[in-house]
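TrEMBL annotations:
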type	residues	note
BINDING	Asp221, Asp369, Glu370	Mg(2+) binding site
COMPBIAS	285-296	compositional bias 'Basic and acidic residues'
DOMAIN	40-127	domain 'BRCT'
DOMAIN	217-452	domain 'UmuC'
REGION	274-296	region 'Disordered'
Amino acid sequence: MKRNRNKTNGFEKWGGYMEAKKTKLEQQFTEKAADDSNHVKSQIFKGISIFVNGYTLPSANELKRIMMENGGVYHHYHRPNITTHIIASNLPTAKLKLLKQFKIVKPEWIFDSLKDGKLLNYENYLLFIDKPNQPKIDFPVRAKNASEPTFLSEFYNNSRLHLISTMATTFKRLVNDTRKQNQTDYPGRQRLKNWIELNGVKNMLFNDTELDNDKIIMHIDMDCFFVSAGLVERPELRGLPVAVTHAKGNLSKQREGVDRGTEFNLYVKRWKGDDDDENDEEEAHEIRPRSTKRDGINETDSMAEIACCSYEARKVGIKNGMLVGQALKMCPALKLIPYNFEQYKKVAHTLYTHILNDYTLDVEAVSCDELYLDCSNILETTKASPIELAMFLRNEIKEKTQCPCSTGIGSNYLLARLATKKAKPDGQFYLEPGIVMDFMKNIDILDVPGVGRTLGHKLSTLGISTCGELSALSLQTLQSEFGNKTGLSLYKHCRGEDDRKLNYDYKPKSVSADVNYGIRFQNKEESNNFVRQLCNEVEKRLDDIEMNGKTVTLKLMIRNADAPKESAKFLGHGFCDNITKSSSLTKPTSNSRIIFQVVNKIMNQLDIDPTELRGIGIQMNKLESRIVTGPGRIENFISNMKSEPKINHTLVNENTDNDKIILTKVSKSISHQSSSTENVNKSKSVMDFFKPKEDLNSKKQLKSSNSKSIVPCQSFVNIKMSQVDPSFLDALPSDLRLELENELKSHENHNSPFIENQNSPIMEVTMSEESSKLYKNVQIDQMKEFIEEWVVTENEPKMCDNIMVSKYLCNLISDAKTEDAYEIIRKLYRLIKNKDDLAWKQSYFDILKNVQEIMMDLYNAKMKVETTFK
């Protein structure tokens, strides 16, 4: 039966949900560019639309900004018929082959065009060259270790673990997005009905009434996924012993500095329990096979691991995780094939979309090759038996992907997974309710959820190795031995009971970026540069899911003092000690600069020799969806005070909004120009360049706490070209200088009635009952907390918050509380001195300027505080 095209989901006119999402993102970019039209610098990239593929220097966000400011378009997704250029610094072979028909250009094309002020020929910046008499692909030189700038992007493009984790996230989000469409038409169910009529093989033991009491859960697991997907393009290797690995074979000679014997002995000692480390999960995964299968490995045998091997290879004893050198000794005819990431994505996408679009939305994504589905409704509507559904689904999946899969069926999560083990390879098994108890008796205790190496060892000391043996113990005995929670879990799971429900709504609990390969630094500068890149990667991943994190966790692997300098695995981490430290933020963030400040502080406290680092990971926990905040951190606090009405800022005239736009432009230019200034304290605030001819007499007005406090700002509306400091204009780039001059002249021409009133400030903050809310309601210690939150969490200081801090400090001084003002200024200085952004240092000087003015006026002396940043 054909899909009912009359049913709608609201996205038809856009071409479907994903097409609507892409269109929406492009529309948002266009609207943002229109809103920021005053910041447009040129039309160099007019007609150019880019998609950034992978990690680049500069980052994708920076390239997005450049395109917005210079007439171009940025695509969040590759649009084959719309995107004009793909921007990439490095791509793996498979991806280059897949995209070779498109224009793949290095990011230097963008920068050089911007520098020359014109669009350069992209052909001079192609990532690969496609000519008849040349090799198809011109690869960049691969980075050797983490000290090189392109290492991180290459690592993530070639990391198996990274691919698996990111693909799992991708398909979990795909399930979320597809479920939002509320699809009700499933053509696969009708195909199943038709197939049953011709080929029905109903299981006579299956009774439709079972569905009234229990759900039917199906577990689908692709067989030897990396191998079977890799053989789609290499069918001649089917039926042979095949393994997927990075290695091409054994080494020709021994590497210098490697002492495999010492390293192996350290691992053996640890796994015997002398130096157990429960937290080193990835090392446990990597090393456990090595400590028991190292016999016969010599100095030239490959230490690379087998990621996946075919059933033909397993028959001769080869296993996943085994070292290539050991495997080749067991099976010299073993065929080694490389990873094929693009093929894995293609097969996985076909698997998921086929199930979701044709059968059900009740799917839990586990990884790129594994999923669960609640098939109760499918069986109810089609009147199929579980075995019929399994056979039919497996046949369709194999036809569409050219890869086999196995399916297990049971009344809960646990039984479905255990049934799959029985079904492999390339089969199906229905664990019917009547045979569960007999089936569970012989299940290995290590196959029970939550039973790992430590718990399994404790159970083995009690003589327990199977679920049947475990079920002989009472609940009371298990809980007294292992605790209430673990004891209850063991009691239920060994009997096939499982209360867990399928998780359809994916919400990530953490975001991280980890690297434990290639970490080699000669000094702190190299390690800091890499950590900054890792923080940028974390920010990118948080941006992708539109979330912020409140806890920063740093994970370090440090070479053990007894371990060789060079690990047995080339550039591997080797035998390490592991350190994990966390720090909580006052406000959730995704900003890489804030994350780096926290991480850098932890690393400075640990004081670790950079040359001993072997692995670095940064994780953000306590994730929250992003919330749009108000105009300013401190101003927002005042607005939310219930005891007082919101503070009012009285603007001089209707043109102030436009003035702010000009002020923002000049502020950004000042920050840019100041970045090259050697002595920061000599930098002028923006308004220092726009001084009226006569004094505002603000000092006299500040003497009394009951009078008005004039913020030392001057409206652009009331400024003439003759009042502008020529040195300021000379320091500006030519295009910005011309733009500013034109706007100032335009204001002089269109606002002549206001020019007479040159003493009018841009805003007045009245020290009445309303405007004194901050000073009246906030104690000194609380103000210190607000200032710390402001500096740590804000990307850059906002003028409204600068004004609030200045006003608060001036009020303290007016009330003879100079010691309190001194403490706050000292805290502000300490917070800002570690920030790289010059805008924050300029903020400090602007606040200090107001403080020193009132100090001179009231006490004829300046406060002795820091006036320079080293």
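Every residue gets a Cβ built from N, Cα and C, even glycine.
Everything TrEMBL records as a feature, shown here on the structure.
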residue: Asp221; record: Mg(2+) binding site; Cβ neighbours (10 Å): 20
residue: Asp369; record: Mg(2+) binding site; Cβ neighbours (10 Å): 25
residue: Glu370; record: Mg(2+) binding site; Cβ neighbours (10 Å): 20
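Apart from Asp221, Asp369, Glu370, the Mg(2+) site neighbourhood in this chain, defined by C-beta within 8 angstroms of the site C-beta centre, holds Ile220, Met222, Phe225, Val366, Ser367, Cys368, Leu371, Cys405. Helix first, then strand, then coil: DSSP counts for the domain 'BRCT' (40-127) stand at 30 helix, 13 strand, 45 coil.
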